[in-house]
Amino acid sequence: MTIVLNPVWSNGVQKLKVVSQTPAKPPRGLLPPVHNDEIHAIRCLQQLRSKDKPLEKYIYLSQLKDADPAMFYRLCLQNMAEFTPLIYTPTVGDACLQYSQIFRRPEGLFISIKDKGNIGKILRNWPRIDEARISVVTDGSRILGLGDLGVNGMPISIGKLSLYVAGAGIRPESTIPICLDLGTDTQRYLDDPLYLGLRQKRVPMEEAAEFMEEFMREMAATFPKLLIQFEDFSTDKAFAYLESFRHRYPLFNDDIQGTGAVVLSGFLNAAKLSSAASGRPLTDHRILFLGAGSAGVGVAMQLMSFFKLQGLSEEEARDRIYLVDSQGLIYDGRGPMAEHKKYFSRKDYNGPPMKDLTHIVQYIQPTALLGLSTMKGAFNQSVIQTMTALNPRPIIFPLSNPVRLSECEFHEAVEWSEGRVLFASGSPFPEQEYNGRVLYPGQGNNMYIFPGLGLGAILARATKVTDSMVEASSLGLADSLTADERAQDLLYPRVERIREISAQIALSVIRAAQKAGVDRSIDLRSMSDAELLAFVRSRMWNP
């Protein structure tokens, strides 16, 4: 075995680094005589496409990734539009629900409340400590719109990291999927003999917070170069943990910040098209949210940046955003409410509770309607026709995942708006033909944002992920559309260009980190944008 060492410069110090080697092919006789990688790629695709259910395809791809990761990622890069819905939303939702039934072999780290006081020792069992650069961590308490799944939430961490590898070229060996098992409040799992998690109710918030303090402290000590992404924590924990740790460790919450960034990007492009049709300035937009959980409020906070970019103050920006939850329009006179909802609570309405969404739309007259409610069919014909009567090109973003929880489907929005809708969803929908024209749905999938954001933060060796870095990722995505994509009124670029998009976003994120003074890779500061982009691309792994 030959070990190759390359000299590298890091902060003015020269070091030697082991160059990753392509695994050697098995000796003659351990493969069929005419085994060929090109033909084997065709064989693997045929095997995948022979499965008739998305979950069966997910299981096959999981086995392929375990047996031959290079082939898995090679096929993923060549077939992004086909693979993405299988390894992430919407199929990953079913994979989570069935995780304890379809489990083959462990992948990632499982840390339970029983390990409290001993978390560091558990973390040091990870076999690739020195290579670790990115971890996706969930406690399974709010998986997509599916509720508390406990340890069954692990496929979310696994799927997200597969997209880091495919979308941004993070090396597979640098990823750590982690599921924290603090119990579950879902009784059917506690009664299920196949359930892989602890058979106990979730621990109280105070005990969970103590556990998280130890977990984050030990993570930083064990993996000093690690970026952490929090994923699918319940709303109260998502906000509390982000606020508690974001200034002490390099981390971000994808539900709050990633979702907000990808929606801001699509909204920037939609708002320009909508304003061009109506003749009204961008400052005239009004946004109505259905759903006020961690994702809804996180997106609302991020969309304030849209109005600030147009020169409005924070107060003026907040005044143009309205939130609706299960009890209707959120306003001060309604009574006690969760802390995270208070910022956007209306002070200019004191009438009776307003619960009907069509009436709320008629009252507010929004230009954009965004859904993060997981309420299937909430954007019904009455709501969308009312939006269309108010706007030449209404902006409708049903962002709830998976498809069966989406507030409306693309074909419904096209039909009820007479083909005028500017549409983006959380899960994929097929294109539609209307009056002889092909209309393409946008997919506001976080996978456009988090791979590039993570890659940029890793390469900059950021001490924390700032709001400016998240905003930079959003603006970088909004600017990444080609002339052809803009001509088709697309709100997001085609997913097949994900590597190119992630490299541009990483460049923007590194520059934002440098401007904020949170970067530790100071040797990148002197590079021109062209040099830095070439550097980013050179660090992206290819199978």
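Cβ atoms are placed via backbone N, Cα and C, with glycine included.
The domain 'Malic enzyme N-terminal' annotation in TrEMBL covers 65-246.
Counting every protein chain shown, the Cβ of TYR88 (active site, proton donor) has 25 other Cβ atoms within 10 Å. Per TrEMBL, active site, proton donor is recorded for TYR88.
Here the Cβ of ASN445 ((S)-malate binding site) has 26 other Cβ atoms within 10 Å, regardless of which shown protein chain they belong to. The feature (S)-malate binding site is assigned by TrEMBL to ARG142, ASN401, ASN445.
Taken from TrEMBL, the feature active site, proton acceptor covers LYS160.
Sequence annotations record features per position, and here TrEMBL assigns divalent metal cation binding site to GLU231, ASP232, ASP255.
Per TrEMBL, domain 'Malic enzyme NAD-binding' is recorded for 256-514.
The subset of recorded positions (TYR88, ARG142, LYS160, ASN401, ASN445) lying with their Cα within 10 Å of the Cα of GLU231 (divalent metal cation binding site) consists of ARG142, LYS160, given in sequence order. Nearest in space to LYS160 (active site, proton acceptor), taking C-alpha to C-alpha distance over the binding-site residues ARG142, ASP232, ASN401, is ASP232.
The Cα of ARG142 ((S)-malate binding site) lies closest to that of ASP232, out of the recorded positions TYR88, ASP232, ASP255. Of all Cβ atoms in the shown protein chains, 27 besides its own fall within 10 Å of the Cβ of GLU231 (divalent metal cation binding site).
Taking only the Cα positions, the spacing between TYR88 (active site, proton donor) and ASP232 (divalent metal cation binding site) is 14 angstrom.
Taking CA atoms as the reference points, ASN401 ((S)-malate binding site) and ASP255 (divalent metal cation binding site) are 12 Å apart.
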